[in-house]
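> Right, I'll just put the structure down here and ask away after.
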């Protein structure tokens, strides 16, 4: 007779097993696509999909067919997954704790400075190969093309995304109408009116990308916390199912009896000695 914990683990892992199939399919579809932005996420999707598939399959077999070694593998991998997810969540909160942008007087949008973000993110975004991938992604998304029809009044009244604020226009402090040359922000000299150049090589553009990463990472961290609570609950039920499966393999309904002998307490011998003395006296 199956225990309740085995049944629950079996159903939960059946659902996650079926849920891993579209994840793997999405990763394979992205691998065949030529779009840079989509191929950028294909490896994490495939890894997550196959890990979930293997864990769910091991948990389903172990719980439903009472295979102890499969449940043992399931619990070990699940523990590793919980520890990894917890580490990534803490790392995400630490890395994305800086930033948020600065207010621009007379404007609705904010502007972003690269030096406001964590050193780890700055070093990552400054890598030429990494930035080339992100730059191609921004060009392909036509993000800046949406501002082509804006009027000067729109720049005063409308908000912009972090990438639009940093990549699609020069910093607001730039002044190109001055007769005399005065020191300005370095990004002012990197700006170009060419649609394929704009401010894509500006530090403000990289900062806008990091702001998007920061916001997305915070949303993902909240989801990670929910997933951690869910996985810890499943892990606890899985431990009960593992104990039930181990007991089912023995002849003892409540576990193997490993007691070979019983040692009486020290006062038992004193009590027996006193009883013997009383019998001799009477």
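Including glycine, each Cβ sits where the backbone N, Cα and C put it.
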> Look up transmembrane segment in TrEMBL and report which of 12-31, 112-131 it refers to.
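In TrEMBL, residues 12-31 carry the label transmembrane segment.
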> Taking a Cβ cut-off under 8 Å, which residues six or more beyond the ends of the transmembrane segment (220-238) line up next to it in the same chain?
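Distal contacts: 5, 8-9, 12, 59, 63, 71, 74-75, 78-79, 81-82, 85-86, 88-89, 92-93, 96.
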